[in-house]
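Below: one structure, written as structure tokens.
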């Protein structure tokens, strides 16, 4: 009847995933279906991911957030990463990407997919070296596609594919001076493979074969930005824009096959360039959902890049970005631990929510209004319940207990909420007693 969510939408078929998303997002079912059909909304939902609670990404929907997990050679503890998965899901993330970069990753990936109600993404090129136990240069073009198929068979909902880094883009990169060259891990690997083999990008050259795989499993392609800027100086340069144009062309080819697309974006970028970059992506990539890493608005804050990212993410999402990849305090320094992950998730969720208010996403402001009412009433239990990080709010209150229950240790009886509550109800205001 239909192979993909996009094909169903084009045929006027309301899938169970669409129905669920329309209800949870308070969006009209017909409007949602039209946007899935046009590609403005993507529903990453591999047919084999049975535990998935599908989410939509795109125009008119709440801003989604992704968490990156996975093992590395220096930190190969699978159990620690699986513990992160549990906590991330409890913290209401929308997507989890397995960015494992060491050894045989299949076991972790399969456990992740089984456990995760959130959509799961991967970067198959990371897996190729361990999968084949070969050096990068020795992997054949068709073998990269075979790894993509394996991930699809496992139930991965979306895959990052750096198909826009073709020979033209590589030649342009060589002619343009950058401070940080190529900072995308997958992009740098693909660049190295192309140079070492004097060959075209296998994903660009065999894009139709890639579409065959993704159509069969309804696996979304997240078109990676290999040439994204790795510092403020490199943002919005010719390399970045050239690749974005190519991603727009590949998007149209994918949509012709009813394969869903997400476009990945920067990166590192000054605040005053963010809105223009969002408009460029939406124009050049035909309003496909935009997924950004940050963007980080300054390069000088290692240890605090969850903050630099949240600033950029809020601005970007308010301007039209649909999907934020979280950044943790460990960015540029180490593999994040559990506490780093928690801080990154909270920072990203705050950015997404702030943007949703700006975008007038249905019911977004209601959360803030509930909190405001509880503050006016000095209802501590209500405030804790509505807090984005309830555990931290309760802990801070407990660690610094005031003399009077209707105050905190900042203002005491000079609390404005306490004063106005008493005045509005006709009570006396006593400060000294």
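Backbone N, Cα and C define each Cβ position, glycine as well.
According to Swiss-Prot, the features are:
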BINDING   68, 97, 126, 162, 184, 185, 186, 225, 226, 227, 228, 264, 291  substrate binding site
BINDING   268, 332  Zn(2+) binding site
BINDING   408, 411, 415  [4Fe-4S] cluster binding site
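Looking only at other Cβ atoms within 10 Å, the busiest spot among the binding-site residues 126, 291 turns out to be 291.
Residue 184 (substrate binding site) sits 12 Å from residue 268 (Zn(2+) binding site), taking the Cα positions as reference.
Each of 402, 407, 409, 410, 412, 413, 414, 416, 417, 418 belongs to the same chain as 408, 411, 415, is absent from that list, and has a C-beta within 8 angstroms of the C-beta centroid marking the [4Fe-4S] cluster site. The full span of the recorded substrate binding residues, 68, 97, 126, 162, 184, 185, 186, 225, 226, 227, 228, 264, 291, taken as their largest Cα to Cα distance, is 20 Å.
Using a 10 Å Cβ-Cβ cutoff, residue 415 ([4Fe-4S] cluster binding site) registers 17 neighbours.
Taking CA atoms as the reference points, residue 268 (Zn(2+) binding site) and residue 228 (substrate binding site) are 8 Å apart. Cα spacing between residue 411 ([4Fe-4S] cluster binding site) and residue 332 (Zn(2+) binding site): 39 Å, rounded to the nearest whole number. Ranked by Cα separation from residue 332 (Zn(2+) binding site), the binding-site residues 68, 126, 226 are led by 68. Neighbour density for residue 408 ([4Fe-4S] cluster binding site): within 10 A of its CB lie 18 other CB atoms from the protein chains shown.
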